[in-house]
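J.: Okay, handing you the structure first.
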Amino acid sequence: MSNSSIVENLRKEIENFKAQIKVEKVGKVMEVFDGIAKVSGLSDIKSSEMVTFLNGETGVALNLEEDAVGVIILGDFSKIKEGDEVKATGRILEISVSNNILGRVVNAIGAPVDGKGVIKSEKTYPIEKVAPGVITRLSVDQPVATGIKVIDAIIPVGRGQRELIIGDRQTGKTALAIDAILNQKGQNMICVYVSIGQKDSKLRKLQARLEAGGAMAYTVIVNASASEAAALSYIAPYTGVSIAEYFMDQGKDVLIIYDDLSKHAVAYREISLLLRRPPGREAYPGDVFYLHSRLLERACRRNEKYGGGSITAFPIIETQAGDISAYIPTNVISITDGQIFLETDLFYKGIRPAVNVGSSVSRVGSSAQIKAMKKVAGTLKLDLAQFRELEAFSQFGSDLDESTKRQLERGKRAIEVLKQLQYAPIKTEHQVAVLYALTRGFMDDVPVNKIKEFEAGLTEYSEQNAKTFYKEVKEAKMWTDKGEVELKKVIEDFKNGWN
Amino acid sequence: MSTISNNDIAKAIYLASKDKSSTEMHQVHKKVVEFLTRKKFMSRVAVILEQLKKVINFENGIVSATVLSAHRVHEKEEKDLVHFLKKRYSAKEVELTYILDQSLIRGIRLEVNDEVIDLTVRNQINQLKEYLIRPA
């Protein structure tokens with residue numbers, strides 16, 4: 001662009017500009033500390049309204065008191081001083097949204113932080129919104145294929161469901177969520193990963209993993225890292241769900257992961273205590289339940305009349321020493337439609353994903369499963385339940401009858417089959433074929449330590465040879481007699497060749 | 001957190017001293033000081049006094065405005081200003097405080113309580129700056 005055209009453009013822009021004359025509400029900073037500012041004036045301000053400070057930083061009015069306003073500062077508060085002017089904007093906190101946000105990493109206020117330039121956007125969405133009402137909703141009956149056998153088979157998750165992932169540190173909570181994102185490729189699903197108070201190095205690794213798996217094309221990452229102010233951690237999940245709502249409003253299905261809500265509650269506790277709100281149990285403020293319920297209630301499946309689309313939420317909660325009866329875990333358990341419970345003991349026993357099948361539940365249940373999966377998973381659940389019961393019992397004596405022994409052996413194999421490597425989501429058809437072989441007893445004579453090997457071989461062999469079965473499961477979501485006969489024959493052929 | 005706000009105290013002082021004779025006023029003042037000492041509110045006196053001034057102004061229909069400008073305001077402009085402020089705030093009386101600030105370049109800026117009407121060139125330049133660097 002030549003100099004003259006720059007000048008010409010500038011001239012045009014200046015000609016188009018019209019200064020606005022308006023009455024503004026202005027306040028003055030009385031105190032600033034730890035990301036909080038007490039501001040005088042601002043008489044007509046609304047709760048959650050954005051304010052701007054003299055140095056350009058944004059804040060949100062949270063506490064409206066008689067002669068002051070408590071503002072949380074979204075950014076660097078070190079340059080704000082006493083006596084600085086604060087302007088009310090008249091707008092509730094909002095973020096810019098557009099389809100260009102896909103594949104990007106943004107901060108808690110929707111601004112890009114991945115160094116890939118500005119995100120052009122055409123719309124803004126408020127970060128706080130009332131969840132869709134009863135009339136607009138539809139019951140959950142479409143599955144989210146997570147690609148994790150134990151989840152898809154035993155704790156199925158439906159589109160629009162809120163399924164909690166709960167467990168101690170280092171039990172593979174994030175890994176489950178990432179696997180679920182990786183498996184959404186080609187499943188017509190947009191993913192939003194909200195990282196709250198996590199290490200930047202962990203997020204960078206995760207982003208690289210998603211990029212390597214080609215998952216960033218349909219994923220947005222919202223990051224409020226551990227080094228940023230608590231205010232940003234507090235608003236990040238709401239920003240994430242607003243981005244999800246933008247896509248849902250286009251009729252799309254969205255999967256959102258909040259990693260993790262315990263840190264979110266801690267950030268909110270920090271802000272509340274600084275704002276001098278009265279502390280309650282574990283020093284959390286009284287409205288910490290509402291904090292999470294209003295967030296998770298925004299996950300829903302909407303009916304076609306109201307635009308369709310869905311938001312499935314995977315909130316994550318980190319427990320301390322397996323204590324799921326602490327304040328925040330019990331709150332979130334009661335809000336969600338089920339939980340996936342991960343255990344340290346199982347993790348170190350080598351059962352990974354370390355899902356405790358007994359304590360995990362999906363309240364939506366099998367209505368969110370395809371028919372074929374329902375058929376194989378029903379027997380699997382029973383096998384595992386019997387195994388758990390007999391396992392404890394069998395410790396006392398070795399004199400067991402044949403049927404008990406058989407059930408124990410089946411259980412051991414079921415546990416072996418449900419083990420899965422990280423970042424290796426499995427297609428639903430493959431899962432159905434393997435679980436079919438397991439539940440129909442085809443694996444009963446395979447040694448337990450060879451199960452994984454057998455499974456891998458069978459998956460490959462059956463995909464090539466049981467084409468009808470695979471096609472039926474993939475397209476009609478259920479096999480016919482013809483497909484079943486074919487699969488049985490293929491499994492037997494494979495077993496004969498394998499031995 | 002105190003349960004009595006500065007505003008409450010200021011209003012109470014105003015009501016207690018309203019329509020009182022000078023001897024009675026002396027008693028009221030004494031009691032107010034006693035109350036503030038007893039409740040350990042002496043550190044809040046400056047703010048309470050400021051609030052009291054606001055309460056008195058509000059009750060008497062007085063509007064106190066600050067006028068910031070780069071140059072002295074002419075008499076005619078001052079008249080117009082007073083007229084405008086009386087109309088806008090339905091006030092009986094207007095108190096003006098003038099502050100000269102060269103950085104405003106031209107025009108005036110009116111501050112009444114927490115309301116600001118900025119008609120200065122500096123504000124227009126700032127607005128132009130924001131307009132030119134707005135995201136596409």
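Heads up, residue numbers simply count up from 1 along the chain you see.
Glycine residues also receive a Cβ, built from the backbone N, Cα and C atoms like all the rest.
Dumping what TrEMBL says about this protein:
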type    : residues                                                                       : note
DOMAIN  : A:23-90                                                                        : domain 'ATPase F1/V1/A1 complex alpha/beta subunit N-terminal'
DOMAIN  : A:147-362                                                                      : domain 'ATPase F1/V1/A1 complex alpha/beta subunit nucleotide-binding'
BINDING : A:Gly167, A:Asp168, A:Arg169, A:Gln170, A:Thr171, A:Gly172, A:Lys173, A:Thr174 : ATP binding site
SITE    : A:Ser360                                                                       : site 'Required for activity'
DOMAIN  : A:369-494                                                                      : domain 'ATP synthase alpha subunit C-terminal'
J.: In the structure shown, which of the binding-site residues A:Gly167, A:Gly172 has the fewest other Cβ atoms within 10 Å?
T.: A:Gly172
J.: Taking DSSP states H, G and I as helix and E and B as strand, how many residues of the domain 'ATPase F1/V1/A1 complex alpha/beta subunit N-terminal' (A:23-90) are helix, strand and coil?
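T.: Secondary-structure breakdown of the domain 'ATPase F1/V1/A1 complex alpha/beta subunit N-terminal' (A:23-90): 0 helix, 41 strand, 27 coil.
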J.: CB neighbours of A:Thr174 (ATP binding site) within 10 A?
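T.: I count 19 other Cβ atoms within 10 Å of it.
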J.: Whole-number Å distance between the CA of A:Gln170 (ATP binding site) and the CA of A:Ser360 (site 'Required for activity')?
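T.: Computed Cα spacing between A:Gln170 (ATP binding site) and A:Ser360 (site 'Required for activity') is 18 Å.
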J.: If you compare CA-to-CA distances from A:Ser360 (site 'Required for activity') to each of the binding-site residues A:Gly167, A:Gly172, A:Lys173, which comes out shortest?
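T.: Result: the closest of the binding-site residues to A:Ser360 (site 'Required for activity') is A:Gly167.
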J.: Under a three-state reduction of DSSP output, how is A:Lys173 (ATP binding site) classified: helix, strand, or coil?
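T.: Its secondary structure by DSSP: helix.
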J.: Enumerate same-chain residues with a sequence separation of six or more from A:Thr171 (ATP binding site) and a Cβ-Cβ distance below 8 A; give 'none' if the list is empty.
T.: A:Leu342, A:Glu343, A:Thr344, A:Phe347, A:Ala354
J.: For a quick check of understanding: among the binding-site residues A:Arg169, A:Lys173, which residue's Cβ has the most other Cβ atoms within 10 Å?
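T.: Per the Cβ count within 10 Å, the most buried is A:Lys173.
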J.: Neighbourhood of the ATP site (A:Gly167, A:Asp168, A:Arg169, A:Gln170, A:Thr171, A:Gly172, A:Lys173, A:Thr174): other residues with Cβ within 8 Å of the Cβ centroid, in order?
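T.: Here the non-site neighbours turn out to be A:Glu318, A:Leu342, A:Thr344, A:Phe347, A:Ala354.
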J.: How many other Cβ atoms sit within 10 Å of the Cβ of A:Ser360 (site 'Required for activity')?
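T.: The answer is 21 other Cβ atoms.
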J.: Fewest neighbouring Cβ atoms within 10 Å: which of the binding-site residues A:Asp168, A:Gln170?
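T.: Across A:Asp168, A:Gln170, these binding-site residues, the one with fewest Cβ atoms within 10 Å is A:Gln170.
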